[in-house]
Amino acid sequence: MSKNVLVTGAARGIGKAIALRLAADGHDVAVNDIAAQETELETVVKEIRGLGRRSAAVTADVSDPAAVTAMVAETVTALGALDVMVANAGIAQVLPLLEVTPEDWDRMLAINARGIFLCYQAAAKQMIAQGGGGKIIGAASIVAHRPFALLGHYSASKWAVRGLTQAAAMEWAEHGITVNAYCPGIVGTAMWDLIDEKLAESEGLRKGQAIEKYSNLIHLGRVSVPEDVASYVSYLASPDSDYMTGQSVMIDGGIQFA
Ligand SMILES: NC(=O)c1ccc[n+]([C@@H]2O[C@H](COP(=O)([O-])OP(=O)(O)OC[C@H]3O[C@@H](n4cnc5c(N)ncnc54)[C@H](O)[C@@H]3O)[C@@H](O)[C@H]2O)c1
């Protein structure tokens, strides 16, 4: 059955792959990103419409409460309802904990933890107002289970998503809303380009060598592509996952085992 979906951080990378996969699955998909990514976002909207589904671009900074409320309202205006929220937007920063400033910490937590919280909360309010039922899906990470050194505050933000996902699953089960998170490992996106560059710098490696080094941890023997994550989110958005809630499952090619 076709659902009305909103995917945040969908101008590129994992969010874009999720939006296109859910559209290919037969859903109507509104896509969000920051205003600076509007051109890329419009391209995603066109691709979704090319798949025969309805779409809309909704720019908002997910760390801003008023902007998140407006984003959900605009999605409902464009699509008619909100059945699935994919709170995907996030940032990374590679820095030793000894050098993380309070400002670095606050920015990381504002987008990766408060941003996910605001999206979960606004989606749940909308779903409850619609009469209940719905699927809320968030971006955690393998580092929500096992932090990476030099990604300390990023790891803390993703542990927050895992805890929030469990609490939200408990509180919103009575409304028929399930809440789950996906935990990718090493996905070849702009985010990992940045992580590779900064890890390489701090470990005296060349560009490309850090991702190669960390890829040796992947038992399936290849770096992930965004579509690996999107296929799992497709399951989380489908009725096949109806009996699953509160989980933060790793989809990492076998780096870390639960
Ligand atoms: N790439 C990986 O290996 C990996 C691994 C584990 C988890 N993740 C998580 O998956 C999600 C997507 O990662 P990605 O690799 O596609 O990253 P990416 O940097 O390629 O894309 C992230 C998108 O989010 C947007 N964004 C950033 N801040 C925003 C804000 N405040 N409001 C709205 N949009 C914002 C960016 O503009 C960008 O388009 C993130 O939450 C990330 O932490 C990624």
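Glycine is treated like the rest: Cβ placed from N, Cα and C.
Because TrEMBL annotations are produced automatically, they should be read as predictions rather than curated entries.
The Cβ neighbour count for Tyr154 (NAD(+) binding site), using a 10 Å radius and every protein chain shown, is 25. Positions annotated as NAD(+) binding site by TrEMBL: Asp33, Asp61, Val62, Asn88, Tyr154, Lys158, Pro184, Gly185, Ile186, Val187, Gly188, Thr189.
Sequence annotations record features per position, and here TrEMBL assigns active site, proton acceptor to Tyr154. In this structure, Tyr154 (NAD(+) binding site) is part of a helix by DSSP.
Summary for the binding-site residues Val62, Ile186: the Cβ-based neighbour count within 10 Å is maximal at Val62.
A C-beta separation below 8 Å, combined with a sequence spacing of at least six in one chain, links Asp33 (NAD(+) binding site) to Thr8, Gly9, Ala10, Ala11, Gly15, Glu40, Leu41, Thr59, Ala89. Close to ligand 1, meaning a Cβ under 6 Å from one of its atoms, are these of the binding-site residues Asp33, Tyr154, Pro184, Gly188: Asp33, Pro184. Most buried of the binding-site residues Pro184, Gly188, judged by other Cβ atoms within 10 Å, is Pro184.
Under the DSSP three-state reduction, Val62 (NAD(+) binding site) is assigned to coil, being neither helix nor strand.
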